[in-house]
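Engineer: Starting off with a structure, shown below.
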């Protein structure tokens, strides 16, 4: 099933019993978070809040709160197990696009050409009179306070845009970048753009500031895109492929785009059927900025991007389950808001796992497996436990072939995808350990690990900025545990032989089990 826009997806979810309309008044200040959190933990449906008090826009929450709904958003209409299998197929497609195998025959060459043609055929197309521009607010009419932007936790600094797809472009780059960055509301037309230094939007901005000092940087933020585009923005798409193109592959039809209306921002294109679009700029700092408040970190300095308007962001409750510290980020000034008639505001919250990002992580885990196996054939399975705050812990199952092999795999995973620079802990086990069962993983650690021999510590590596356990923001250490059986050269001891019952005895007890009535 393919969905041309968010409304199409909502209709399908409702038909499947995967969406519930909430007609009672529920406030976007704390109440939506509490209700969505309870529903997500119970494996419940997406929620469409139709009557947020004081607002004219319904709010969509918990949209990707189960792996099945993530798979549905990618066009896979199946139960949870089949959906996860289909996500592995998606990973195989991505691995083929990222690093295609050389053809070994004319038949293989034909398959490669067919894949290349499929990608080319999904190039996005621009349309005129798009639905996302049916209503336009500009000038004094621009007021972000009219949108039901959630305040998620009691200690949050204010309302927070959470599901905005931020569209940017670097200088002289044909490809646009889509990224999801939280944005703090600080005024009628101002948001703080919290993008970390290594993310695509921040890289585009820094490159622009270096090449065009003193010029406003155009940005668009999309709220309520079709599910394929939204999920394309969080999937490890190869650099040679745009997220819009990838969304077309998921959807089975070319992504329809519209040029932004604001002069200077009209170099950017947004999904034509999006619910709401914010258009504007990050402006250079006007005059001398006020000094940083007492106790706050120093203002950014020494880079071209530092000459642009910045504000102190946070604190906010985050996916770690804690409030993060404050930091300076660029200010996005919204000059125009366009939207569909009867627009829907798409939102979420982040908190102690499980939350929606954790569920997305479970689903995307299945996409990562074929990508890793393409690079490291010895990896037989890979798991990012949701309790590990998305990417902070990874369990790797492998077919070990030589002494030191597990350590090679650790360093390979850390350096493979940008997402894995956040991974603090890697545990490597053999094929006989079910990595999705903590009891088996703990058994392997406690019986196959010597802390001195089998622990790898790596210092001064990139780390999640939100990881307050690291000694320096954005820089910390990593730890690997080799919980595999040890080979000659790794131990001088006779290695333990696992206990296993005789197969004939097990078969007899299987028959007895039924006779006894157990």
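Cβ coordinates are placed from backbone N, Cα and C, and glycine is handled just like the others.
Grabbed the feature section from Swiss-Prot, which reads as follows:
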- 318: active site, proton donor (ACT_SITE)
- 177, 243: Mn(2+) binding site (BINDING)
- 180, 181, 182, 194, 195, 196, 199, 200: prenylated FMN binding site (BINDING)
Engineer: Taking the centroid of the Cβ atoms of 180, 181, 182, 194, 195, 196, 199, 200 as the prenylated FMN site, which other residues of that chain lie with their Cβ within 8 Å of it, listed in sequence order?
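Structural biologist: Close Cβ neighbours, site residues excluded: 166, 179, 193, 201, 202.
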Engineer: Taking just the CA atoms, what is the gap between residue 243 (Mn(2+) binding site) and residue 200 (prenylated FMN binding site) in Å?
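Structural biologist: Answer for this pair: 12 Å between alpha carbons.
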Engineer: Return one of helix, strand or coil for residue 199 (prenylated FMN binding site), based on DSSP.
Structural biologist: coil
Engineer: Given that the record lists 180, 181, 182, 194, 195, 196, 199, 200 as binding prenylated FMN, what is the largest C-alpha to C-alpha distance among them, in Å?
Structural biologist: 14
Engineer: Specify the count of other C-beta atoms within 10 Å of the C-beta of residue 195 (prenylated FMN binding site).
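Structural biologist: There are 21 of them.
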Engineer: Taking each of the binding-site residues 194, 199 in turn and counting other Cβ atoms within 10 Å of its Cβ, which one has the fewest?
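Structural biologist: Taking 194, 199 as the binding-site residues, the minimal 10 Å Cβ count falls on 199.
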Engineer: Which one, from the recorded positions 243, 318, has the smallest tally of other C-beta atoms lying within 10 Å of its C-beta?
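Structural biologist: Among the recorded positions 243, 318, the sparsest Cβ neighbourhood within 10 Å belongs to 318.
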Engineer: Quick one: give me the count of other CB atoms within 10 A of the CB of residue 200 (prenylated FMN binding site).
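Structural biologist: So the Cβ neighbour count for residue 200 (prenylated FMN binding site) comes to 21.
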Engineer: Just to verify a number: CA distance, residue 200 (prenylated FMN binding site) to residue 318 (active site, proton donor), in angstrom, no decimals.
Structural biologist: 21
Engineer: Per DSSP, to which secondary structure element type does residue 318 (active site, proton donor) belong, with helix, strand and coil as the options?
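Structural biologist: Assignment for residue 318 (active site, proton donor) reads coil.
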Engineer: Considering Cα atoms only, can you say which of 177, 180, 181, 182, 196 is the nearest neighbour of residue 318 (active site, proton donor) among these binding-site residues?
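Structural biologist: Going through 177, 180, 181, 182, 196 one by one, the closest to residue 318 (active site, proton donor) is 182.
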Engineer: Counting only residues 6+ apart in the same chain, whose Cβ is under 8 Å from the Cβ of residue 180 (prenylated FMN binding site)?
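Structural biologist: Long-range Cβ contacts: 163, 164, 165, 166, 233, 234.
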Engineer: List the Cα distance (Å, whole number) between residue 194 (prenylated FMN binding site) and residue 177 (Mn(2+) binding site).
Structural biologist: 15
Engineer: At the level of the C-alpha atoms, what whole-angstrom distance separates residue 199 (prenylated FMN binding site) and residue 177 (Mn(2+) binding site)?
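Structural biologist: About 10 Å separates the two Cα atoms.
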Engineer: For residue 181 (prenylated FMN binding site), which residues in the same chain are close in space, meaning a Cβ under 8 Å from its Cβ, but six or more apart along the sequence?
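Structural biologist: The list for residue 181 (prenylated FMN binding site) reads 164, 166, 193, 194, 195, 199, 201, given in order along the sequence.
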